[in-house]
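Sequence annotations record features per position, and here TrEMBL assigns domain 'DNA primase large subunit C-terminal' to 221-307. TrEMBL lists C229, C302, C311, C318 with the feature [4Fe-4S] cluster binding site.
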Amino acid sequence: MNLGDLQFAQRYPFSGTARKIVNETGLNLQDVSEAVAERAQKIILAAAKQQKYDPQIGNYEELLQDDVLAFPVAKILLSIIAKPELYSKFANMFAKYSFISLQEETDETLCDIAKDLGIIIKFSGNPEEFTEIGMLQYLSADFREDFMKLANQRLEKGKIILSKNEFVRFLSQAIYRKIFSSLPTDTKQIPNSFKTIANSLSKQAFSESFQAFNAKLSGNIKADAFPPCISELYAKMLSGVNLNHTERFTLATFLVSVGMGTEQIIAIFRNAPNFNEKISRYQIERIAGNGKQNANYSPASCAKMKSYKLCIRNGELCGNVKHPMQFYRNRAFKK
């Protein structure tokens with residue numbers, strides 16, 4: 001391996017180049033170096049706290065190699081922890097870092113990375129019409145941002161035309177999907193030492209966030225009175241699961257209706273992997289009626305929740321109620 005390959009693999013530890021380096025080093029899980037193990041743990045905790053990926057700086061081969069080897073070790077530890085919300089944060093951290101790195105790459109390197117990800121493109125080199133991508137392949141990226149959705153793209157003969165900037169955004173989302181879908185890995189033959197580390201990491205990654213955000217529920221709001229459907233969404237959001245638009249809207253309308261303030265809701269939504277405070281604040285304030293006493297939007301009924309496929313066990317846990325707010329009032333104000 002040469003220095004250039006190591007530097008590339010450090011930037012893109014999910015790449016074929018990185019996998020080749022891992023294979024060449026003969027990574028032995030029974031004898032992982034302390035430096036690699038510590039690096040893997042730092043990466044996981046950074047992801048859990050939604051911090052930026054911070055690769056080790058320097059051209060020393062040993063430092064670069066430690067970062068490359070730490071990636072598969074981190075994936076093993078994540079798989080033992082077995083929390084999908086942490087998989088999402090981990091994948092999102094590397095996707096965000098890749099988005100920045102990709103902007104500095106040559107056109108040829110961008111095309112090579114696309115090929116490595118299994119993406120078939122037609123390259124033009126024109127910054128405004130940089131690539132053509134098949135519609136189905138584009139949809140597989142599953143964009144949540146409105147500006148990247150299919151309806152807002154240029155479509156010609158079944159192909160999506162992307163500018164260079166849009167293509168870089170597409171690649172970063174493809175990287176997210178690649179990393180997320182690669183988890184969990186097989187953990188059947190993993191040494192016990194990994195399980196010990198994973199248990200410690202799990203406590204660090206989750207206990208602090210739950211304690212902090214449960215403490216924010218003050219006053220008359222009672223989380224233990226939330227109906228099962230809302231409790232599920234609330235727990236997922238606290239844990240960093242990337243809820244879709246319907247799930248976020250449903251949770252926000254309910255929280256507004258039980259009297260939670262905008263700042264409290266934003267603090268909870270801050271756990272989302274792709275949190276954007278400006279957009280979240282606008283949407284939540286709109287749901288709340290721009291600060292007016294009565295909300296513009298009412299929470300979804302039980303029938304609506306079933307149509308959204310958000311109802312838990314077809315309502316059998318809720319008794320004879322027709323609305324999540326009815327469940328909450330019955331529990332919260334029970335004499």
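Backbone N, Cα and C atoms are what each Cβ position is placed from, and that goes for glycine too.
The average pLDDT the prediction assigns to the domain 'DNA primase large subunit C-terminal' (221-307) is 85. In three-state terms derived from DSSP, C229 ([4Fe-4S] cluster binding site) belongs to a helical segment. The helix, strand and coil residue counts that DSSP assigns across the domain 'DNA primase large subunit C-terminal' (221-307) are 53 helix, 0 strand, 34 coil. What surrounds the [4Fe-4S] cluster site, by Cβ distance within 8 Å of the Cβ centroid and not counting C229, C302, C311, C318, is the set P227, P228, M305, K306, L310, I312, G315, V321, P324, F327 from the same chain.
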